[in-house]
Every structure is written in structure tokens, then in C-alpha cells.
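Below is one structure; the comments refer to it alone.
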Amino acid sequence: STMRERKTTDPLHSTDPPHSSTDLREGKEKLKLKQEVGLISGVSLIAGTMIGSGIFMSPEWVLHHMGNPASSLLIWAACGLLAMFGALSYAELGTIIKESGGEYIYILRIFGSFPAFLFAYTSVILVRPAGLAAVCLSFAEYAVAPFYPGCSSPQVAIKCTAAACILILTIINCLNVRLATSVMNIFTAAKLLALFVIVVGGLVLLAKGQTQSFQNGFQGTTAGIGTVGVAFYQGLWSYDGWNNLNYVTEELKKPEVTLPRAVMIAIPLVTCLYLLVNVSYLAAMTPSELLSSGAVAVTWGDKVLGSWAWLMSLSVALSTFGSSNGTFFSGGRVCYIAAREGHMPDILSMAHVRCLTPFPALLFTSAMSLIMIISGNFTSIVNFFSFMAWFFYGMTISGLLYLKIKKPELPRSYKVPIIIPIIVLMAAVYLVLAPIIDQPQIEILYIVLFIFSGILFYFPLVRFKYHPRFLQTVTLHLQLLLEVAPTTRDAN
């Protein structure tokens, strides 16, 4: 069938190991994705995706909403703590449900098919492609800027460069998982080096006595509920990616060990770097200079590095490229897992017979991102990305609380104290409701309507399994053209 029927086998309700709903012909070896992601690659996937354009662009907006340097630094620290708590909660979920797919697979196994489909529909069609397109456009702006000194870069050049970035990422991720993880490792090392340069530069400035920005640091603090929530949104955008390893659980080596360890290494590392980088920015610039800067890292480079300022533009370009690779790597897996569970067309659940990568799912994610780059009408959607993300994060964390209370007997190699998911759930509720209550905007209504428009597809295609016959022929021809075959789930 074109939309695959999901079997009732469920790790939460059965002791049998999960199997793929579609296997290869009897007697032949089952096809599955390889376990290629170790601890170093896992840390790189988390840290490399988190460190994107955010730390180079968001500090001015956090400062703008909070009103002073000291409170903005508190927001950055709180965002890091919240990301750490969320990732630790997800680590326990990943040791209970050892399947790829992140929030999608957790919502599916705990709450059932309908809410999981709404998440997959929203994520695959809108959130992941929009986020990828936004990061690639950030890369393109910095990559193109040196060719147009003294003036703004033309939009055609920026969009073509962003599209080329997506196509290169598609080729890398389709060819080999090990190649994609190697790219992540290299670019993560490069961006950590760039942040280290900023940190050292800031420490030198502080040693020279440039501490004016930190005097009367809390003066003029903004304390509105909605304003603080929006400041959190800006900070959390820079931490987005803390949950990326849960999307590729089946491709982890020893996931019960690798997942918690990678989280405990990557997120504290990124949080410390973010705080030190913000301190460095404020040591080099006054708050008013930081607020008026269109690109904080570039302004910092002009003030501190002098003739070597071009290194900052190069660093941001490398950082955003590496981040987009991590976003693409995990985003394609959501599409692949949702198709494997019968919530997307069957062709998207298949893997290349030689490369062993989710080839069709990656191509689909690439195509959706290219459409968003060409149309250019996704900016307002990306601005409300955090609203949608934390709505589903909250649902996932509530599922963990349900399992801890109602099913404590489930085997798990790692347990997080129950207070931690409770704090994350309270934060998720606050982040979803605060901006709506304080300053309601029509775009949020559009987002909610889009989420529930998935009902129009769920009932005929998934619930009642209406599959037009011509789609079976299309699936067969695409299977032959792309050289892909159904996969089996790795039960770990």
C-alpha cells in the first residue's frame, strides 16, 4: 500500500521487540540503517546543530527585550539550564523507547496515532524545512557579503547560494551517514574554535578594564510576562538542537550509554561558551552599540580583530553551514520514521540499497526547503517556530511524566529525577501561553489552524486507509528509479 499500515506492536504495551511493518522478501537479508553515530559524533550532532547563526545574531534581541546586560545574561543561562533539563528528560525517553524519530515516536507510542500524525504533518511540511531554509539563508548572507562590499547583497544571489547549500547538503547526506557525521565533526570543531577566539578576545578586554557595560547591570530591567517569554524565544532559538540525538536513536552505537553522555557533554559546553561569548560582546561594545549592530559577531570583529575581522564572517558562514547539516540530518529522519509508521507516503520510508541512507525522505525535505527559499514567505512562520516547538515539547514531556507515574516498571538504563521534567513542562506551558496572553498576534492563530488542517488528511488517508491505486504505480516506479527498498526497524 502507498500509506503503510502500522502494526500494533508497541514497546509500551508488549514485550516483543518492534519489527518493521514492511520487510524485504522472505529469505533475504533485512535492510536497515547502520549504527554509525558514536559519542564524538553524537556530541557534534548536538553542539554542531545548536551553534548556528543564533549566538552571532540573537544577543542583540535578548538584550533589546530584557533592557540591560545582566538580566540578558541571566536569560542566556536560564535557556541553557532549560535545554539541559529538556535533553536529560529526552534521554530517559530514548532509553525507554529505543526508536528514532524524537517527539514523533514518543507521542505516537504514548498518546497514539492522531496527535503523532499532527506533529509529523507540521514538522515535515513546515517546521523542519522552514528552519533549514532560515539557517541556509543566514549562511548565504554571510557567504555572499564579501563579494558586495559597502552595499547590501542582492536577494537573487543570497537565494541561489542558499539553494546551492541545500543541494550540497542533500548530496552529502544521501551518499553516506559516515560522510555526513564527518562533516558535522569538522564544522563543529571549526565553530568551537571561532567561539574560543571570541572568548579569549573578551577576556583580554576585561583584563584591560573594559567593564563599563556591567556597571549598574540590572538598571532598566524589563519585567513583563510576555516580554520575558519573547526574550526566552530568542535565546532558545540559539539552543535549538538540544534534542537532535533523539531523532537518530537507531543509528547510535550503544544508545543507552551514548545518548545521556552526549547530552551531558554537549549542552553544558555550549551553555558556558554562549555565556562567555555574550560577556565578550559586552566587553567590546556598549549596550547601545550592541543593539544597533545588525551582525554582532562582525561588529565585534571590527572592534577587536581589526584587519582580521573577515575571520568573523568566515566563522559565521562555517557555523551556519554546519548547523544546517545537523538540521538536515535529523529532519530527514522525522520524515523517514513517520512514513515507516504509515503517516507519510510509503516511498519516504525506504532506504537506498547501497548507501543505506533514507534517500527519498532526504530528497523530500530538500525539496520542501527549496520551495520555502524560492517563495521567501516563511519569515513570519520561523518567528513563531518556538511557539510550535514548545507546544510539542510540552506534550512529549507530559508523556514522560505519565510513564514515570503509571509505568515505572518499564526497563530503562537512565532515570532523570521527576522534578526535572516537571520544571520543563511548566516552562513549556509558560512559553506557549505567555506571549498569547500578553500580546496576542494573528500569526499564532494561523499556526494553530495549520496544525489542525492535518485532520483533512489524517482521516481519509490514515484512519480509513483510502489509497488511490495510481499511487501504488508511482511508488513502484520511484522505487526502481531511486534504487530504494523498505527497511526494518532496529530493535537495539
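From the backbone N, Cα and C atoms, a Cβ is placed for every residue, glycine too.
Remember, it's a predicted structure, so these values are computed and weren't measured experimentally.
TrEMBL lists 1-26 with the feature region 'Disordered'.
Residues or ranges marked as compositional bias 'Basic and acidic residues' by TrEMBL: 1-10.
The transmembrane segment feature in TrEMBL is assigned to 37-58 (among others).
Within its own chain, the transmembrane segment (70-91) has Cβ neighbours under 8 Å at 46, 50, 59, 62-63, 102, 214, 217-218, 221-222, 228, 231-232, 235-236, 238-239, 242-243, 246, 259-260, 263-264, 267-268, 270-271, 274-275, 278-279, 393, 396-397, 400, 414, 416, 420-421, 423-424, 427, counting only residues six or more beyond its boundaries. TrEMBL lists 70-91 (among others) with the feature transmembrane segment.
Taken from TrEMBL, the feature transmembrane segment covers 103-124 (among others).
Note on the transmembrane segment (160-180): residues 33-34, 36-37, 132-133, 136-137, 139-140, 143-144, 251, 321, 324-325, 328-329, 332, 352, 355-357, 359, 362-363, 366, 369-370, 373-374 of its chain, located 6 or more positions outside it, place their CB under 8 angstroms from a CB of the stretch. Positions annotated as transmembrane segment by TrEMBL: 160-180 (among others).
Counting same-chain residues at least six beyond the ends of the transmembrane segment (186-207), those with a Cβ under 8 angstroms from any Cβ of the stretch are 43-44, 47-48, 51, 55, 273, 276-277, 279-281, 283-284, 297, 300, 304-305, 311-312, 315-316, 318-319, 321-322, 325. Sequence annotations record features per position, and here TrEMBL assigns transmembrane segment to 186-207 (among others).
Residues annotated as transmembrane segment in TrEMBL: 262-284 (among others).
Sequence-distant contacts of the transmembrane segment (308-330) (same chain, at least 6 residues past either end, Cβ-Cβ under 8 Å): 45, 48-53, 56, 102, 128, 131-132, 135-136, 138-139, 142-143, 145-146, 165-166, 169-170, 172-173, 180-181, 183-184, 186-188, 190-191, 194, 197, 241, 244, 247-248, 295, 297-298, 300-302, 362, 365-366. For 308-330 (among others), the entry in TrEMBL reads transmembrane segment.
Here the transmembrane segment (351-375) has long-range neighbours at 31-34, 124-125, 128-130, 132-133, 136-137, 159, 162-163, 166-167, 169-170, 173-177, 328, 331-333, 335-336, 339, 478, 482-485, 487, meaning same-chain residues at least 6 beyond its ends whose C-beta is under 8 angstroms from one of its own. Annotation source TrEMBL lists transmembrane segment at 351-375 (among others).
The transmembrane segment feature in TrEMBL is assigned to 381-403 (among others).
Under the heading transmembrane segment, TrEMBL lists 415-437 (among others).
The transmembrane segment annotation in TrEMBL covers 443-462 (among others).
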Between the transmembrane segment (262-284) and the stretches 37-58, 103-124, 415-437, work out which stretch tops the count of Cβ pairs under 8 Å. 37-58
Which residues, given as numbers and ranges, are at least 6 beyond the ends of the transmembrane segment (37-58) yet have a Cβ under 8 Å from it? 83, 87, 135, 138-139, 177, 181, 184-185, 187-188, 191-192, 195, 234-235, 237-242, 244-245, 248, 251-253, 258-259, 261-263, 265-267, 269-270, 273-274, 277, 295-297, 316, 319-320, 322-327, 329-330
Long-range CB partners for the transmembrane segment (415-437) (under 8 A, at least six residues beyond its ends), listed in sequence order, are 82, 85-86, 88-89, 91-92, 225-226, 228-230, 232-233, 236, 386-387, 390-391, 393-394, 397-398, 400-401, 404, 444
